[in-house]
């Protein structure tokens, strides 16, 4: 389940901003440095998704013992159908974790709203969807909101940890990741949704692929030089040993990582369990509250500076999301004293389809 149509990572790396701001010495007596291990953190995210597979089999065992509350029958399918979306998920998530080390947490959360733009365009180009006028207006509003948030980053004061060049690169990487997330969603719609696959099973299968593949890639990443792009003392793409040493010497990092893994697992399980009881308006409000909480905590802890343009950008992005999801229709109906239209599913608003998405997470 994609939270308000924007979270391709099933809950996203929101909590890892805590780990990124902790300092700890690494292996071999290296100096104290920030915990910047984006690819290892992405592995943790996939571990959280993978745990949904265990939840699925537990629910299936429970359904077998209580036939009156049985799950919908599962059609046979080839698990390799999930490999292409999993590769997109792995790539997009890794890029976003890298970007999170370069820019502020609030900008990171807001810029993820760009997924609406690319998902809408790709659904028209590859799925033959026809977007309503309000959806095109939502896309234009989202573009305007992204420009305002980008300007806020350019005009904000930057410390030694986040230089202007790094912030610009991080913002561009976030938008690039949303393109990949949009491709993932289109692939899932085109090849996966036609099968009656339980959402927990779908998320867990993609998490399994991502966890195994990215864990294996950590080995060559340990030897690939990355220069200034790297955040570890050895200057390699990912230093897993350094990460484990930092975790061992700073328990708060381990707490943040475990919190991120647990939140992703709970986010998917709880979201799939209650999504039919929530309206699209409620889901968007809850996701907006997540952005506000992350923003408020970052400001309170001194991790970023306040800029009034961010408020304007956030409000414009909120308006774009509301227009794209058709949340203006009930208001117009009430104003015209007509009968409220039947509520569409969130996936219909995002891709124009008629099935519930396998990875809807709000």
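Residue 1 is the first one shown; counting continues down the chain.
Even glycines carry a Cβ here, placed using N, Cα and C.
A TrEMBL annotation is a machine prediction, not a hand-curated record.
Residues annotated as transmembrane segment in TrEMBL: 39-59 (among others). Beyond the ends of the transmembrane segment (39-59), by six or more residues, the same chain brings 9-11, 13, 16, 19, 71, 90, 93-94, 97, 198, 200-201, 203-208, 210-211, 214-215, 217-218, 221, 237-238, 240, 243, 257, 260-265, 268-269 to within a C-beta distance below 8 angstroms of the stretch.
Positions annotated as transmembrane segment by TrEMBL: 80-99 (among others).
Taken from TrEMBL, the feature transmembrane segment applies to 111-129 (among others).
Sequence-distant contacts of the transmembrane segment (136-155) (same chain, at least 6 residues past either end, Cβ-Cβ under 8 Å): 103-104, 107, 110-111, 113-114, 116-117, 120-121, 164, 167-168, 171, 175, 307, 309-310, 312-325. The transmembrane segment annotation in TrEMBL covers 136-155 (among others).
The transmembrane segment feature in TrEMBL is assigned to 167-187 (among others).
Taken from TrEMBL, the feature transmembrane segment applies to 207-224 (among others).
The transmembrane segment annotation in TrEMBL covers 252-272 (among others).
Sequence annotations record features per position, and here TrEMBL assigns transmembrane segment to 284-303 (among others).
The feature transmembrane segment is assigned by TrEMBL to 309-327 (among others).
If you look up TrEMBL, you'll see 337-362 marked as region 'Disordered'.
Feature annotation from TrEMBL assigns compositional bias 'Basic and acidic residues' to 340-350.
Non-local neighbours of the transmembrane segment (80-99) in the same chain are 8-9, 12-13, 16, 38-39, 41-42, 45-46, 108, 112, 169-171, 173-174, 176-178, 180-181, 183-184, 187-188, 191-192, 195, 202, 205-207, 209-210, 213-214; each lies 6+ residues outside the stretch with a CB under 8 Å from one of its CB atoms.
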